[in-house]
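Novice: Dropping the structure in here first, questions after.
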Amino acid sequence: LPPGVSELESLRKRGCGAAKVENPRGSQRVLKNTPVTNRNKGADKLKPEDITQIQPQKLTLSLRSGEPQSFNLKFKRAEDYPIDLYYLMDLSFSMKDDLENVKNLGTQLMLEMAKITSDFRIGFGSFVEKTVMPYISTTPAKLLNPCTGDQNCTSPFSYKNVLKLTSNGRKFNTLVGQQQISGNLDSPEGGFDAIMQVAVCGDDIGWRNVTRLLVFSTDAGFHFAGDGKLGGIVLPNDGKCHLENNMYTMSHYYDYPSIAHLVQKLSDNNIQTIFAVTEEFQPVYKELKNLIPKSAVGTLSANSSNVINLIIDAYNSLSSEVILENSKLPDGVTITYQSRCKNGVIGEGEMGRKCSNISIGDEVSFTISITTKQCPKMGKSETIKIKPLGFTEEVEIALNFICECDCHKDGIKNSEICHNGNGTFECGACRCNDGRIGRQCECSTNEVTSEDLDKNCRKDNGTDICSNNGDCVCGTCECKKRENPEERYSGKFCECDNFNCDRSNNKLCGGHGRCECRVCICDTNWTGSACDCSLGTTTCLASNKQICNGRGTCECGTCKCTDPKFQGPTCEICPTCPGVCTEHKECVQCRAFGTGEKKDTCERDCSYFNLIMVKHRNELPQPGQAFPLMHCKERDADDCWFYYTYAVNNNTEKEVHVVEKPDCPEGPDIIPIVAGVVAGIVLIGLALLLIWKLLMIIHDRREFAKFEKEKMNAKWDTGENPIYKSAVTTVVNPKYEGK
């Protein structure tokens, strides 16, 4: 192990000169360090193998247990990098209209991809389903034409490699134009069989060591491992190529691959997948995307008319992100990543493996640390590889392990120091010959009984040998080693250790001391069983230079406030004192509502409290909690009242709860007022008309009654007019006899 200062000091105190202390350290050596390619699109054309996007390419690390070795890895997206794109299409009957639009895809996609790269190749494959029941109908007529009615369809098949990757877009159009639709019975399709063959049949597909894109186009779901049982197929997919005459011939023999199996093969072959699926199946394929690294999902229109835009968008999304992965690590070896991405963004942990939003020509770097906790068997070298997902380039790292000091090579066999030649003296200690034991090989296993040896290894004549923390060797305790090399047993009877002391904040001796024989030896200005009590008072000084603001005592570097109204690390915070509401009013205004005098400096001046918005006043915290609080009601410039509470919680964090909607005086509502005035005028007018009408009726009735009364009282003269002659003349017929 790499000895710390205390171990080296201990060796010096025991009389070991610096020249006699061997302290081998880890190292690293770069074996291949070709610079990343700086290339413009109009520059001379390079072969794919001559383009470098990752640096360095090969190095050797010598690792000592517990000592990390770090190196920097650089990645740069090369401009005009070659692209291979394979279009894998579902040719079940529901994709009939899509096939028509794909027939001209070759030349159109060539034109669009020319804006990205001058070296682009395209291929085409199709799939339907396993050619067994119940996935397809196996009646002779349906095997010839699985479609119904007068539709002319080709025989069903599992997967067909129609066109090997080519730079001839017209050839793509011609061959795709000759394809016919087929059909099957169930809704999910056998696309996973096709993806597996595309991934593993590199020679048949024509993949180069460049960016590899697989566009998977369908309007249905997918079968996966286990579904083959419906057709009596139980053998797991073997993940090998089974193409004969460009047709997958083992669909009836092997089950569908599992998602994990596909992930492995796609990653091994550096293939990035683009799922072009209809809106209906977006949720399913988005879940699948989360399981397949370096994959994307695009929404395919009902007739695939938007497929070119979909491919371009998905490619830009995939190529703008780099994710590092490593091969399987040897036992005891760990690896950590730290990324330094665009705009100074630094990632740690799992985020340290990736960088996003990378444009062509951008350069990012990663710091990779490799540590071993143990030596492998026989101390043999191991090799690991690190590569960005979806890229063919990789970094090869040879790991050599420092398991012994060089002084082992200079051991003195049968040395007199080892009890008259009973062992080899190496690195300042004896390695005993067979049959001999003891620090200096002074005991023979045949000469002494175990009882005689064990009694010297029991502390205070107890029953435990070497305190159960070691083995009794020739009457002397040899303490056990721990998995963690920094933890040790010590003492004549292995009764001591340096890891069982009291802890504070999950740190041994609070991080302010060292553990010796299960007791903390504290650093200066620290005390306590776990060295968690500071003797200094600087952390207790308030802004007025008084210890704990004169309202508390400083204990272990922390103020204990004696006045219950005061809180905080220095007893300066008083949530319930007068003036608290006014003091924080402006900051509450700008944080909660974006108004007030401090709205322009809010982020700078008012970030000292946690803001929590509530909808109603009854949701504000109420008195009686574990910590005091102050209810506040303040008026803003618009004469609106806003309500909040101010408190300091048990973690000394300032909390402000604010009602999200202020109470504002409501202005006059014009419409009801105008409507009321108009209505009032109309009603008054109507009332006046009614009163006038009523008075007229009363007046008329009185006049009529007066007229009737005068008429009754009138006395008219009934004598005849002397000059009056009647208008009637009576003539008598003289011949009339009255019969």
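The backbone N, Cα and C atoms fix where each Cβ goes, glycine too.
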Novice: Could you tell me which of the ranges 15-44, 435-464 is annotated in TrEMBL as region 'Disordered'?
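Specialist: Based on what TrEMBL states, region 'Disordered' spans 15-44.
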Novice: Using all protein chains shown, find which of the disulfide-bonded residues Cys407, Cys430, Cys531 scores highest when you count other CB atoms within 10 A of its CB.
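Specialist: Ranked by Cβ atoms within 10 Å, first place goes to Cys531.
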Novice: Between Cys556 (disulfide bond) and Cys533 (disulfide bond), what is the CA-CA distance rounded to a whole number of Å?
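Specialist: Taking the Cα atoms only, Cys556 (disulfide bond) lies 4 Å from Cys533 (disulfide bond).
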Novice: Can you check which residue among the disulfide-bonded residues Cys548, Cys602 has the largest number of Cβ atoms within 10 Å of its own?
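Specialist: Of the disulfide-bonded residues Cys548, Cys602, the highest Cβ count within 10 Å belongs to Cys548.
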Novice: With Cys664 (disulfide bond) as the reference Cα, tell me which of the disulfide-bonded residues Cys241, Cys427, Cys531 is the closest one.
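Specialist: Nearest in space to Cys664 (disulfide bond), counting only the disulfide-bonded residues, is Cys531.
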Novice: To the nearest whole angstrom, what is the C-alpha distance linking Cys522 (disulfide bond) and Cys533 (disulfide bond)?
Specialist: 10
Novice: How many other Cβ atoms are found within 10 Å of the Cβ atom of Cys457 (disulfide bond), counting all protein chains shown?
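Specialist: Around Cys457 (disulfide bond), other Cβ atoms within 10 Å: 22.
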